[in-house]
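Noted in Swiss-Prot for the protein shown:
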ACT_SITE  E100  active site, proton acceptor
ACT_SITE  C341  active site, S-methylcysteine intermediate
BINDING   C120, C124, C127  [4Fe-4S] cluster binding site
BINDING   G168, E169, S200, S223, L224, H225, N299  S-adenosyl-L-methionine binding site
DISULFID  C113-C341  disulfide bond
DOMAIN    106-326  domain 'Radical SAM core'
Amino acid sequence: MGLAGAQERAGRPLAAEFLPEVEEVLAERGEPPYRLRQVYAALAGSLASGWDEVASLPKGLREELAGRVPASVLELRRISRARDGTRKYLFFTRDGHAIETVMIPERSRRTVCISTQVGCPMACTFCATGLLGIKRNLKAREIAEQVFAVARDIAPERVTNVVVMGMGEPFLNYRETLRALRVLNDRRGFNLAARHIAVSTSGLVDKIRRFADEPEQFHLAISLHTPFEEERRRLMPVAARHPIPELMNAARYYVERTRRKLFFEYTLLAGVNDRMRHAEALAELLDHPLYHLNLLRFNWTDTGFSATSARRAKEFLRRARELGLSATLRPSRGQDIEAACGQLAARDARSPTAR
């Protein structure tokens, strides 16, 4: 949807929702409405990181904004670089919380994996982020600015894809997450096509249905990790509230409502969920032409689990495909800097600043 969720569903303009402090300053000064659009275009479109870069504003207004409203709400403290080209960004919020973001280079693609919460309350037993607990939700600017900062860092290369698969459960911060994604999608903002943006959830059924009803064509991924109910409850506490039959009803609603492919994430844990009976049960559970299984070998965290061998993972993939499943085995990226899936925990938040 071009005009940002029909201007936040016919409410306030997206620029005002995204920049309420700026809107307040402009209103106090009696500035014309187009000033807010200029600021929004400069920060979200041109990626200005300071008020002195917003040349479209009068000098006096730039000076007042500089004294009252931060041009950026995140401080980039550290960039770590992996051998495979992956980059991990350590940011601090203005109230001192650490969050992490990852950029994954693949041929012609540059994918940014962003966070939506400080920590995560879901407590998935194999995920380092879940060990942190939850501090607070991120605001829309804090979510979107992760992408802006990465875009500035990798220029002249461009961010081609955004995945909401970093720290936190995005559907527990639904409003701010959707607002940030609309800024990223908005042609007056970051101008990234909706089909290049994907959100991952641990399986909040009511929000899956709500997401299916949104006008934008964002993609969705559901963290599944096992087809067996009791095992899923042990791995993912959320399963106690949203059992697999309920989850699959929501999944069916999503694909029938949107006619878009639905991705299921599956982390292979050695001796836990990597047996052939799991592949066979998955083939029965994911029996829909729009379902796709993304397999990923476990990335080390100090949670007591270990990774399925590469050979076993390939056998699992082959069996799943033999049974008719659309499935992919995704490579792990950035493991040597703890930037891979499930590893984000801001462990180096107290390390010296480095670039």
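Just so it is clear, glycine is given a Cβ too, placed from its N, Cα and C backbone atoms.
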For N299 (S-adenosyl-L-methionine binding site), the one of E100, C113, C120, C124, C127 that lies nearest, given that the recorded positions are compared by Cα: C127
Nearest by Cα to G168 (S-adenosyl-L-methionine binding site), of the recorded positions E100, C120, C124, is C120
Spatial separation of E100 (active site, proton acceptor) from H225 (S-adenosyl-L-methionine binding site) - C-alpha basis, Å: 23
Can you check which residues sit near S200 (S-adenosyl-L-methionine binding site), meaning Cβ under 8 Å from its Cβ, same chain, 6 or more apart in sequence, and list them in order? V163, V164, M165, P170, L220, A221, I222, S223, E265
Pull out the recorded positions from the set E100, C120, C124, L224 whose C-alpha sits within 10 Å of the C-alpha of C113 (disulfide bond). E100
Could you check which of these recorded positions, E100, E169, L224, sit within 10 Å of C124 ([4Fe-4S] cluster binding site), going Cα to Cα? none
Excluding its own, the Cβ atoms lying within 10 Å of the Cβ of C124 ([4Fe-4S] cluster binding site) add up to 22
Sort S200 (S-adenosyl-L-methionine binding site) into helix, strand or coil using the DSSP assignment. strand
Looking only at C-alpha atoms, tell me how far the residue listed as 'active site, proton acceptor' is from C120 ([4Fe-4S] cluster binding site), rounded to the nearest Å. 12
